[in-house]
Amino acid sequence: MGDDNISTFSADGGQDTVGLPRIVMVTEGSDTSLSSPSSTSPDDDNWADLIKSTEIPPEYWHIQKLVKYMKAGNQTATMVALSCLKDHDLTIEVNQRAIQEIGGLELLVNLLETRDLCCILGGLAVLRDITPNIEIRKKVTDLGAIPLLVGLLSDPARDVQILAAETIANLGRIRKSRKFCRKFGGIPKLIDLLDIKERYLLTPREELNADEEQFLDIGRAGAKALWSMSASQRNREAMRKYGMIPLIAKMMKTIHLDVAIPAIGLLQMCANETSFQLAIQTEKMVDDLITHLANPDKDLKTYCSLAIYKCASDSITRDMIRNAGGLELLVEAASDSTNRPNKPLLAAVTGALWKCANSDESVRRLDYLGAVPILVNLLDDENDGVLTNVAGALAECAKYPPNREKIKSSGGIPMLIHHLNNTYKPLLENVPLVLMECAKEPLCMTEIDELDGVRLIWSLLKNDSKRVQTNAALALSPCVQNAADSGEMVRSFVGALELTVDLLDSDDKNVLSAVCAAIATIARDNENLAVISDHGVVAKLSKLVNTTDDHLRANLGVAIAYCCDWAQNRQEFGKRGAITPLVNYMTSRDPVVHRSTALALYHLSFYSVNCVTMHAAGVVQFLLETIGSKDPILQEASAGCLCNIRKLALATEKVKLKQ
């Protein structure tokens, strides 16, 4: 995925297109706008239909009367009305509408400015219960609630701090609130709430007194609010700047589930940032993550897996995860059939496995744990995010040769080929990579060919995603190379060769590099080489020779080498000025570039004019150095090219002597 593309789930049940599920209290977005286009409000038409089609419940009118009493009455009447209001279920939309439509939101926000503690607590309690509603969140934010709530975070009454932080957590699901919270100094105040004594975090609640429990609740509320705020990159940077990392590292050690969930939820959101990834490493948070990963709670397991997914791109962190027993827990979670309906958890776990598998030691450990058949069994899942991550994990595991046979014997190849018909681009990026590795095994390649997999991979070159094109082209090389009758197979795909050559006009270097690798393989068959030569492959390859990208240079050199062996192709490369730039490739520090360049120069040197051009460009000095290489291919190609240049020189001397 690519590193990393994976599907995410928001708390509202929506789905983003990033690659992994996230059950968070916020919607991703920057603070560049005062509105939150990523949040969706309920349809006003639904409310109108409710009024028309059904009788409005009596609670609606009762709530509106209570709000009127609050408006008209004194302090005592307001307190009584607030108490009665709390007796209703304020999570129901009808009751929320009742408060909103009679102007209750303005009144509740105004209560936050009073000096009466009971009124403030009552108003906060109601606001906390009704602000999960997106429409009310927007309205309350527009009424200026955020600065008032930020001020209440410093109130000496702990109940006020808890309710204010929980209300901010709800409001923080929209961009405007996140921006205002940062602007009015809310981030450092929320971070202060996390400063809890370690003894409270490690002591069971039944052994704590009421005051000590309240400190736990303050930390939990602060973590929830910061979790909500962390959807903004600027807020995440502010959290780091104001010293949140040591405090969150301390909270990670908690034994209390209600504190651990928001703390790790906050951590996995911040783990997008490199500074937090490094902190997870240096502050020894990986061990705590693995400890919480063993907890049976599904949400906690999801957030731990997401944090691992985001951090495991670093090799040191991967080693720490493996040494702490994280792979065992992830494989166990992936194999647990009770987790199948929980798509956010399943996608988080498989995403973590994908990233952890990006090292030989981890792949061997996963092989020992029997992870491959478990992952193959998940290929029949209906969720695209899960499938993407499973394919990514299998692509990493398949780099270890014994696992290719396991994918085949577990029935993975037919399912992988079936997913080539999918339209979800992150999935289409990963599936060709699995088949690319499997194609290196003859039995797997036979099955891929029989199921028409090569044709489907080739068809992905028409996809409008550059990454899909790149990975499909990469997969073609081993497929063509290892197919039983590759030349005939390739020619049987109508328009395939023309499509491949046309991709050399791409403006993406990764696509160009992968296509060059595919052309180098295709060109080894003379008939296919003749076809791509007719489609102008020499001219297109010649246009690319001035590149400075070593990855492209490496594959371009091999493509040029194998395209020389048809008709007048090597002469045409010389006429199009490809020789001198190729000689300049020898100044690269990449030994792979040296090998492919020497191979290209060797094939080009069979035409005498090219030898003259090479000699004039100073190729001999480079070849004399590379001829002593320990790489046999580079050594042989360098010697062959020097030999051809020397033969030309000798022939020229003989002609001069005769004259």
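Using the three backbone atoms N, Cα and C, a Cβ is placed for every residue, glycine included.
The repeat 'ARM' annotation in TrEMBL covers 144-171, 370-412, 495-537.
Here the repeat 'ARM' (495-537) is broken down by DSSP into helix, strand and coil counts: 34 helix, 0 strand, 9 coil.
Look at the repeat 'ARM' (144-171): DSSP puts its residues at 22 helix, 0 strand, 6 coil. Mean model confidence for the repeat 'ARM' (370-412) is a pLDDT of 97.
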